[in-house]
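*Asks:* Straight from TrEMBL, here's the annotation block:
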BINDING   B:His263, B:His267, B:Glu293  Zn(2+) binding site
ACT_SITE  B:Glu264  active site, proton donor/acceptor
There are 2 protein chains.
Amino acid sequence: MTERSAYERLKARFGLAATIGECASMLNWDAAAVMPPGGAAARGDQLALLAVLRHQHLTAPEVADDLAAATTDNAWDAANLRLMQRMYRRARALPASLVEAQTKAASACEKVWRVARQRADYALVRPHLAEVVRLTRDSAAALGEALGLTPYDALMDEHQHGIGAADVEPIFAAYETFLAETLPAVERRQAAEPAPVRPQGPFPVVAQQRLCRAIAEGLGLDFDHARLDESAHPFSGGTPADVRITTRYAEDDCTQAILAVVHETGHALYERGLPAAYARQPVGEAAGMAVHESQSLIVEMQAFRSDPFLSWLGGRLHETFGGDPACYRLENLGRLWRHVARGTIRVDADEVTYPAHVILRFRLEQALVSGQLDVADLPGAWNDGLKALLGITPPNDAEGCLQDIHWYDGAFGYFPSYTLGAMSAAQLMQAAREQVAGLDEAFSRGDLSPLLAWLRVHVHQVGSSLGMNAILQRATGRPLDPLAFQTHLRRRYLGCD
Amino acid sequence: MTERSAYERLKARFGLAATIGECASMLNWDAAAVMPPGGAAARGDQLALLAVLRHQHLTAPEVADDLAAATTDNAWDAANLRLMQRMYRRARALPASLVEAQTKAASACEKVWRVARQRADYALVRPHLAEVVRLTRDSAAALGEALGLTPYDALMDEHQHGIGAADVEPIFAAYETFLAETLPAVERRQAAEPAPVRPQGPFPVVAQQRLCRAIAEGLGLDFDHARLDESAHPFSGGTPADVRITTRYAEDDCTQAILAVVHETGHALYERGLPAAYARQPVGEAAGMAVHESQSLIVEMQAFRSDPFLSWLGGRLHETFGGDPACYRLENLGRLWRHVARGTIRVDADEVTYPAHVILRFRLEQALVSGQLDVADLPGAWNDGLKALLGITPPNDAEGCLQDIHWYDGAFGYFPSYTLGAMSAAQLMQAAREQVAGLDEAFSRGDLSPLLAWLRVHVHQVGSSLGMNAILQRATGRPLDPLAFQTHLRRRYLGCD
C-alpha cells in the first residue's frame, strides 16, 4: 500500500467531518419534524457532542502540517484545499469550550424564545439573548482576527464566503431609495385593480399533501432521495443523498403549504445537483447561503409565481380542491400570490418589501455585534427601524424583534443572504431567459426542466469551486448586479418593460 | 475547579460514548422508518463512522489508567465501574479496522440479503454471508481471548452478560423434550375445539393507527417521550428519553399491527423505566437482551394475550371496526390469537413452537462460529434441523435460512435471548401474581399499571446493576427456572392447573 499524500489525508479527514455534519443534519431534521417534545434535552446533548467531535476533527494537530504540505494538480482540488484552509482557520480560531458554550447558550435561549414569542414578552428571553450576543461577540472577534476581517464580516463570511458588510451596504442603501419610490407606486397600481378573491376551503390536508408532493416531483425532486414532511417552520435539511423538506398545512388555506414546498424544493434541487465527485468535500458543498437562497427563490419567485406557471397551476388547484373556478384563474391567482403589502412579519412579506425586513436586521445585528446596540434596547431600535423603512410599527414584540429564530439560535450575519439571494435569482433568471429558449412555454406546462438544466450547469455543478460573484460572472457575464432585481420588480409589479 | 477523579472522568467518557450511541440509534430508526431508499449508502457511512468514533472513545489510552485508578463508594457505582471494565475489554479486544470491516460487510450483506430473500436465492448472498461469518469468527476469537470465554460465549455475552452456551444447552434440551410431548397434546386439544373465526375487514389503516396508539398509551407509554411509526419489521429503538416503536399495518387484518405494538411497547416501557440517575452510564442501561425480551413478552404474551385482557380488548376492537361481534368475543379472540401451529417462520410462530425456532438457530450459529458448519451447507442443515424439531420442511430458503436478518446483519449469539426472555417473562409473571393482588381484574379493564409498577421496581429500575439471574433471584426468589414457562404453557394450552 502506498502512503497517502497530505492532500489525500486531508480529503479523508474533511470527508469524515462532513459525515459527522450529515449525522447532525439528520438529527436536526428529526428534532424539527418528528421528535417528541420529551426528546429535546437529549437531542441537545447529541448535537452539541457532534459539533465538538467535528471541531476536534478539523483542528487536530496534524491538520496544519498536512495543509502546509498538501499539493494539488487541478483547479477543483486547489479550490478544495483553499476551502479546507479556510475551514481550518475558522475552526482553530474558536476554542472547543467556546463552541460548546455557544451551542448550549443558543439551545437554552431558543427554548425560552419560543415561550417569549408566544407571550410577546421580550424581557423573558433578554438575559438569554444577552448571553448569546456576548458569546457571539467573542467568537466574532476571534474569527475576525484569524481571518483578517472585521468581527461582523467574519460572521457574514461563514454564511456567504467573500461577501462583507461593505459589499452589502451600498446595495441595501440603493434598495432603500428604490423602495421609497417604488412601493407607493406599486400600492397605487394595486389599489386600482380588483381585490383578489381568496378560494374557499376546506382544503383537506391529505389532498394538499398529495398535491405538494406532486408539485415537488414535477419540479424535479426525486423522492428516492427526498422526503416531504411537516414542521412548525418550513425548511430544507438532510444531506445531498437524502434531502428533507418540510412545510405546514392549514385546512382553510393551501397557499402557505404550496409556496413553502416550492421554495424548499428549490433548495433541495440545489443540494441534489451538487457535484457528486466531490461529495463530502468542501468544494462539493453549496456555494453559500446567498447562493442557496437564489436557488429557492429562482424556483419560487422567478419561475413558480410567474404568469405562465400560475396559469398551469390554477388548473391543478381547481382539479384538486374544486370550488369557484374564477378563483383559480391567472389574474386572480396572480393578485393573490403577488400581493404587495407593508407588514410586520418577514416570512409573510412579499418580494418587494422583504428586503426592507432584511435591511433592518442587517443594521441591527451589526450594531449588536459591535456593541453599539445593547440587547436591552433592541425592541425600541427594531420598531424605530421598521418605521423608517416601511412606515409601520409592530403591535408588540412578538411581531417585532421576537419574530425570527435566528439571533436567539445564535445565527448572526445570515440575514443579508436572503436579499442577496433574491437579487442573484433575478439576475440568473434574466440570463437564463437570454440563453435558454422556451422557458415560459415550459412553465406554462408546469415544466421547470429547461431552467433546472441550466441551473445544474451554471450553479449546482459548480459546488463551491467558485464564490457567489464568480458564479454570477460566469453565468450572467457580471458579478452581482442589483438592477436585475429592480427590473424584475418593476416589470412584475408596475408593468414596466 | 477541583480536578475530577478517575471515576468521574470515566463517567464523562462513557456518557459521551453513550451519546454517540444515541445518535446511531436515532439514525438506525430513521433508516428503518422514514429514510428514502437513496439515502442508504450515505447512512451506512454515517453509522460506520459513529461506530468508529464510539470505539475510539472507549479505547483511548487514558481509559486503562483511569480504570486502574478509579474507586467508587457505593454498590451502583461499583457495578458501573465493573461494566465499564467489561466494555473496555470488549472494545480493546477488537482493532478498529475489524470493527469497521464488520460494519461494512454486514451492511453490504444485509443489502444483498433483502434481494436474496425476495428471490429465495441463497446462492446470491452466500459469499457475503461467508465474509460476515469469517469476520465474526475473528472477532469472536479475539473477544473470547480477552474475556476468558469460548468464542461463541463471547458473542452471547454481548447480548446477555453472564449467560453462555453451557447455561442454555440443558434448558433448550429440556424444552425439546417438553415440546415433543406437549405439542401433539396441544394440537389434539385445539383440533377438538371450534376453528377460530377471523374478523372480516377492511380495517382502515387510519383507524388501526389510532387504536394502536391508544393501546400503547393505555399500557403506559408516554407519547411526550415516544413515537409510533411504520416499518417493514416492527422494532423498538431510539433512546430512553425518546423511544421509537414501529409496527406494520395490513388493511385486511389488524392482528399483526396490534400485537406488534403491544410487544414493542413492552420494550419501550423498559427503556422509559430505566434509572434516570444513571442515564448514559453502563449501569443505567437495560440488563441485556434476554431481560429486554422478558419485558416485551410479559406485556404481550403474559398480560395482553391473557383472558382478562382479551375480553377487554374485544370490546375496543368491535367499537373500532364493527362487524360480527361474535368474532370479538373472548373465546374466539383467544382461539385466534393463541392458535398453535407448526410453521416455518419464526416471527409468525406461537409461543409454544417459538423456542424450537430459537433452538435451531442457536445450534446452527454455534456451528457456524466454530467452523463445524460451512456457510455453503447452511440451507441443508437448517432444513434437517427444523424437520427434527417440528417435523416440517420449508418450501424454499426464503422460508428457511433466509428468513431472519440477524446473521446477514452480523448478529450472532442473539437468538437465545428470545427464549430466555419468554421463560423469564413467565417466571416474573408467576411472581407478580403472587405479590400483587388484582392483576387479572386490572387486565380486564385494560389496565396494565399494577403489573407495570411491579416491573418498574423489580426490573426497570434495576438497570444493569444486576445480571439476568440476579434480577430473577431478587424478583422471584430463584434464578431462571424454565419450569415456570412450561407451567404457563400447560395452563394456557392444555388447561392444566
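From the backbone N, Cα and C atoms, a Cβ is placed for every residue, glycine too.
Surface or core, plus neighbours and distances: that's what I need for these features.
*Replies:* The DSSP secondary structure for B:His263 (Zn(2+) binding site) is helix. Its own atom aside, the Cβ of B:His263 (Zn(2+) binding site) has 23 Cβ atoms within 10 angstroms in the protein chains shown.
In this view, B:Glu264 (active site, proton donor/acceptor) is surrounded by 26 other Cβ atoms within 10 Å of its Cβ, with every protein chain counted.
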*Asks:* If you measure B:Glu264 (active site, proton donor/acceptor) to B:Glu293 (Zn(2+) binding site) at Cα, how many Å is it?
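*Replies:* For B:Glu264 (active site, proton donor/acceptor) versus B:Glu293 (Zn(2+) binding site), the Cα atoms are 10 Å apart.
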*Asks:* Among all protein chains shown, how many Cβ atoms are found within 10 Å of the Cβ of B:Glu293 (Zn(2+) binding site), not counting that one?
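*Replies:* Within a 10 Å radius of the Cβ of B:Glu293 (Zn(2+) binding site) lie 27 other Cβ atoms.
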*Asks:* When you measure from the Cβ of B:His267 (Zn(2+) binding site), how many other Cβ atoms are you left with inside 10 Å?
*Replies:* 22
*Asks:* Note the Cβ centroid of B:His263, B:His267, B:Glu293, the recorded Zn(2+) site, then list each other residue of that chain whose Cβ lies within 8 Å of it, in sequence.
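*Replies:* Here the non-site neighbours turn out to be B:Ser236, B:Glu264, B:Gly266, B:His292, B:Gln295, B:Ser296, B:Leu297, B:Val299, B:Glu300, B:Gly421.
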*Asks:* For B:Glu293 (Zn(2+) binding site), just give me the three-state DSSP call.
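*Replies:* Note: B:Glu293 (Zn(2+) binding site) is helical by DSSP.
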